[in-house]
Each structure stands twice: as structure tokens, then as C-alpha cells.
Amino acid sequence: MEEIERIREIERTEQEKIKERIKLQREKEKEEELDKYTVECPECGSRALVRDYERAELVCSECGLVIDENFIDQGPEWRAFDHDQRMKRSRVGAPMTYTIHDKGLSTMIDWRNRDSYGKTISSKNRAQLYRLRKWQRRIRVSNATERNLAFALSELDRMASALGLSRNVRETAAVIYRRAVEKNLIRGRSIEGVAAAALYAACRQCNVPRTLDEIAEVSRVSRKEIGRTYRFVSRELSLKLMPTSPIDYIPRFCSGLNLKGDVQAKGIEILRQAAEKELTSGRGPTGVAAAAIYIASILCNDRRTQREVADVAGVTEVTIRNRYKELAEELNIEIIL
């Protein structure tokens, strides 16, 4: 019996060694695969490479070196000149996305009662199609976890649409929320609160800052709960978020006030001078940005009132008056009202 046990132990050890070797081999192959796609310029080491599809060349945008000639075009073999042509000729589905609970990998049955050729489904087959559509919806969301994730991601998309946020911000917010779900951070907290906190964190990560008041306005939870949940999630997920800079708010505020490009450039210049003298630290970034825009609009003869700037920035007129007086005094800016 002891001999049999010893043989079995040796066999188990050998099997573990084989598994370990296979695992190491797979990791090595994965690293080689990644190295194949992370190309850098052999001359200057830059990764800012541009693919010129007309000449079939891979060019470094920093030093101009042609790294590869006659590379293979991995795009479609067909040509399309508008959106309708692209939709007709495309033979693949939408790209994978984190903003859908199943990452967009499942299929769905269209609500229109038409076949693949665009012909109307006969009346005797509509009942069957209705049942197929119903079961397809049930299969896509099969358990409570998927149902909650689908609800949270739809809530994220609704808030992002209301704030006019871009696709990359939505994807980042969805990834943050999924990480929170994996770490079981949702327990004891509302789904809407965690979704709003994830969106706020994504805005800061993507340098498209939105204030807590703006997030709270489009969500169904209070500003206090969003702030508390955001601090908890960012701490547990170790999110590296830099403090928001007033400069990040300048383009959006100028766009809301219909100001010209020179006013925006002047506002950024004022804020950079203020940052050098540490006038922006310890103050709300929206108030400082609003004051810089107010000063820039006067200097560029494209004046806006304090009330107009305050409405767009979401601050009070008193805040703008206090901040612009500080900036004008410390930076020696002469303002003629």
C-alpha cells in the first residue's frame, strides 16, 4: 500500500510540473504576441506611429522614419462612401463594449416584424416571432446579477447622455462600475449611487470634469451620497485621480457662453500664471475658471456679465467677484469696467 501511495504521489507531482510548464509556455506565447503588436520606432523609441494606407507605410510621427513598407491592410476589402453603404456592406456586428451587460456579444431580435431581406413577416408567423423575441430577452438577462448590471449600465448611459459625455468616458465609467461589482462594493449601497460615483470618477480620469452638483442633477441620488460613494469606491479600487485643474473647465464654459477662441486662450494663460503663483490651490476650480473667463472676456472686448458666467459655471456672482479681484490684484491685471 505504501508503494502504491508513493507512486501516486510521484504521478501527482509530475502532473503538477507538466501543468506548470504548460502555464509558463502560454504566458511566454502571450508576451510574444503582445510584443508583436507594441511596435516602437527603432530610431527614437517613440510609439507615436502613423499608418499611411495610401502608401502602405508605417511612419514614425516624431522623426519621420519609415519603419515598415507594404504592410497588410487589415480593414474591409469593400469601399463605402456614406453611413448607409457601410451598414449594408458590413458583415460583422458592433464592436465589443463594456457599456452593455453582456459586452455586446449576444444577439437580439429586432422589434420590426421583417425578415433579413426587409420583407414583412406573415401574420401566421408573428406569434412565433413574438415568443422568440420574449425568450431572447429572458436569455440575455438570465439572473439577478446580470439584471442589476444591465440596470446600472443603462442608468450610466442615461446620465452620460444627459451630460453630453463622449463614448470613452462612458466606457471608462462602465469599467469602473464592473470593477466595483467584482470587489462586491455594491452591497449595502444603491445601484444609482455607485453608478453616479463611477461616472464622476470617469469624468476626472478622462479630463472631462463635471461637478458633483451636475452629476446629482441628472441622477436620482443626492450630492452627499455621490461624494461619499465616490470616496469609498476610489479608495477601494485604488483609483489614481489627480486634483481637477481649473483649465479643464475653460473650453466647456467658453462654449456655453459662445466666446471666441482668443478669449479661451487668454483665460488659460491667466490660469497658468495664477498656478505659478499658487493662487488656484485651496479654491474651487469652477470659481477660479469662471473668474478667469470673466477677466479674459473683458480684456478681449467680448464682455459677458457676471450673472451669465455664473449661470454657466454653476457658481454664485459673489464667488466670481472674490476670485476675479484676487486674480487681478495678484497678477497686476488692469480691468476697466
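Placement of Cβ uses the backbone N, Cα and C atoms for every residue, glycine included.
For the zinc finger (37-68), the number of residues in each DSSP class (helix H, G, I; strand E, B; coil) is 1 helix, 11 strand, 20 coil. Residues or ranges marked as zinc finger in Swiss-Prot: 37-68.
According to Swiss-Prot, the feature Zn(2+) binding site maps to C41, C44, C60, C63, an assignment based on sequence analysis. Sequence-distant neighbours of C63 (Zn(2+) binding site) (same chain, 6+ residues apart, CB-CB distance under 8 A): C41, E43, C44, S46.
As annotated by Swiss-Prot, repeat '1' applies to 154-237.
Confidence annotation: the repeat '2' (248-329) carries a mean pLDDT of 88 in the model. Under the heading repeat '2', Swiss-Prot lists 248-329.
Within 8 Å of the Cβ centroid of the Zn(2+) site, not counting the listed residues C41, C44, C60, C63, the chain contributes P42, E43, G45, S46, S61, E62, G64, L65. Its own atom aside, the Cβ of C44 (Zn(2+) binding site) has 12 Cβ atoms within 10 angstroms in the protein chains shown. Summarised by DSSP class, the composition of the repeat '1' (154-237) is 62 helix, 0 strand, 22 coil.
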